[in-house]
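Here is what TrEMBL says about this protein:
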ACT_SITE  Cys392  active site, nucleophile
ACT_SITE  Cys395  active site
BINDING   Arg185, Thr187, Trp198, Ser250, His253, Arg285  FAD binding site
DISULFID  Cys89-Cys94  disulfide bond
DISULFID  Cys129-Cys164  disulfide bond
DISULFID  Cys392-Cys395  disulfide bond
SIGNAL    1-32  signal peptide
Amino acid sequence: MSRAARRAGAGQGVAALRLLVALSLLRGVVEAQVIGVLDDCLCDIESIDNFNTYKIFPKIKKLQERDYFRYYKVNLKRPCPFWAEDGHCSIKDCHVEPCPESKIPVGIKAGISNKYLKVANNTKEFEDCEQASKLGAINSTLSNQSKEAFIDWARYDDSQDHFCELDDERSPAAQYVDLLLNPERYTGYKGPSAWRVWNSIYEENCFKPRSVYRPLNPLAPSRGEDDGESFYTWLEGLCLEKRVFYKLISGLHASINLHLCANYLLEETWGKPSWGPNIKEFKRRFDPVETKGEGPRRLKNLYFLYLLELRALSKVAPYFERSVVDLYTGSVDDDADTKTLLLNIFQDTKSFPMHFDEKSMFSGDKKGAKSLKEEFRLHFKNISRIMDCVGCDKCRLWGKLQTQGLGTALKILFSEKEIQKLPENSPSKGFQLTRQEIVALLNAFGRLSTSIRELQNFKVLLQHSR
């Protein structure tokens, strides 16, 4: 063989080897790109992974199982305020199906239902509604006694600094939902209705000027051959507050998509569905090749959102550390255990060394900062109203809860002075949280914690599938 032929053969061998290496790494490319320090903060992803896995996730999961945090009152019948609704999802896993009357829990004692004071009465634990016959149906009926026990949790009405459009808990259409019986997962809800919701969120509320043609909605078709770099160049040119807004929405979207990929309907045999992680769906939504580089950016925004809500929990800890605050359900021992667990989580959040610095936001001249903060608040409040346009009831439930949770986190971050002035032995008029805000805040953060945990699981599955 001639020297030239040997060189050609060697060159082809090197090229083939490089191709094999590239292909072998393709499935791990998400892991390779979702690393390092996050933009607009000084925290690295690896530290968040370890902190979440070993400190937060096990405890927040237990907290979500406590009676105080598992029941969430929500109005799923509010009409869409922006466009004529095109009908609700007809898929069975989207439907609301209340418990039959015969299976509503009994024997619950109402007692003194003031959420801020210690209660002397001891009642039974809330019994679970039995799971409805249709898998995934929303189980929303509780006994009248349960409703009496809950009624005072909604008495405080605070419109100041709200980042969300809150449901009127006194409305006859508002129902208590057991979140444990209605897990967030893939329902099959998609198509024009779902696209319209996300398109409205990204296109009309993410501070996008008309001069930027690339859609912010990752579900929308891209224009031309733009790989997104011009869009991100534009994004980096925005002020910090507007960049943060986009990252929060993108992170929330990524988190929801992760939940759907991790709890996907894999098959259904004789009416018995099998749920689990769907690797193909995960790659469709997050693989850098299939998403033209968008997937890793979306996942980094998930970490950014986690970091912001983590900061909010550390800031609101003094509110719950007061003896006057009692997470009331009617069972003294259980309520004390719930508060102990919650305070333990708060201690962990305060120990995290690389928090997001919210003081860097709205820090310009007072008049301009105030105007920008109000614009930021109204844009997010508008997004919370869009949640009433979601056609799938289960998707609407979890969309409203997670949006309200993030809105509550933002309210906390920008109420530092009011939190510092909280009286020890009496409710504060300067800063207050309703029970629904508390439940949404902790469950929304629990969803983010679960998303990051599920992301670790997908990395392992991708490695094993090579």
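Please read every residue number as a count from 1 along the shown chain.
Cβ coordinates come from backbone N, Cα and C, glycine included.
Just so you know, of the binding-site residues Thr187, Ser250, the Cβ with the fewest other Cβ atoms around it within 10 Å is the one at Thr187. If you measure from the Cα atom of Cys395 (active site) to that of His253 (FAD binding site), you get 12 Å. On the backbone, the CA of Arg185 (FAD binding site) and the CA of the residue listed as 'active site, nucleophile' stand 12 Å apart. Across Arg185, Thr187, Trp198, Ser250, His253, Arg285, which the record gives as binding FAD, the greatest C-alpha separation is 21 Å.
The subset of binding-site residues (Trp198, Ser250, His253) lying with their Cα within 10 Å of the Cα of the residue listed as 'active site, nucleophile' is empty, i.e. none. Of all Cβ atoms in the shown protein chains, 21 besides its own fall within 10 Å of the Cβ of His253 (FAD binding site).
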